[in-house]
């Protein structure tokens, strides 16, 4: 396994600083226990109603469902640990747990559903919009592109291979539209959009600002539909998040250009503007830029951080559905922050150099990681080959900066 060898490499074993209580997203009561009702109702209850005795050798933490252990493990430095024993179980839960509720997520340009499991865990479901081998048409603007379910899955694994670990876990899943959405939804607006197509397939389209119409309906075969299931982050009432507008945000206009596209010295003023004037925020943003360039994602207008940790924490890389739309062409403008600022974390640069070598070739690592997903193959081969080509371009951009 190239992936196992990668995670054993010294560059992937650089320790994070010691995590103190103030560095944890949540401070947990060690006595608080979760238990299933003895009636077998699949409902979780807190310790006030549960049995007070625990099986020998077990702690209260052992009774938590996997999604809760994931939330409790988030700290200032990482969303989840490198060698996280929870990850395989969490990914399996996302792909197999019984769905007890499906409602549409409000906002956004395209249809997304919030799925709830019996243990109160929740996932964001993005349905399949196009096949693996379809490319985004060359005349499409980035802001009218489809969001792809397989891009969300691939982005999670790529983010982990780069050792950023800033994307919540995502698994592919085959959903039964009738039993797991239509029959159980309490969302009246969503329920009104279901129909049977002339081909006899179950379809629905929801309500949203772009692709929610009969012409863009999502149809099963006859009611089986692929999608990505992303573990939701803790509710914002429990862990506030701050949304930051990216300084290199595109204009989202058919003819206007953004300031960074017109001013080659744009980075100078960014460096003087909080929060980019101190700490590692700018370097974290350049990490995100590299991830986006490798995926071909032009749609990074905002990013988020956990409010509790202030400026000294990682950026959350959410909403990656517009990645992996093209493999035959690259978008150099995505790399503008790296090229204009000529800055990169040393650790990131060393890992990128490693991923360009034969034993740890990036395309091979991602292919291996995606092979375990229920919807494998997740990416068409040309997308994997494009990663190696784009990685060489990132290293060339750093080389150009070093030469300057």
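Note: Cβ is positioned from N, Cα and C throughout, glycine not excepted.
Over in TrEMBL, the protein carries these features:
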- 110, 126, 147, 230, 231, 232, 233, 304, 319: ATP binding site (BINDING)
- 147, 319: Mn(2+) binding site (BINDING)
- 194-403: domain 'FAM20 C-terminal' (DOMAIN)
- 299: active site (ACT_SITE)
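Taking the features listed in TrEMBL, we show where each one sits on the structure.
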residue : record           : contacts (Cβ under 8 Å, 6+ apart)
110     : ATP binding site : 129, 146, 147, 208, 210, 211, 212, 321
231     : ATP binding site : 67, 70, 90, 94, 121, 123, 168, 169, 170
233     : ATP binding site : 71, 168, 239, 241, 316
319     : ATP binding site : 147, 299
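Looking only at the domain 'FAM20 C-terminal' (194-403), the predicted model's pLDDT averages out at 95. The most densely surrounded of the recorded positions 147, 299, judged by C-beta neighbours within 10 angstroms, is 147.
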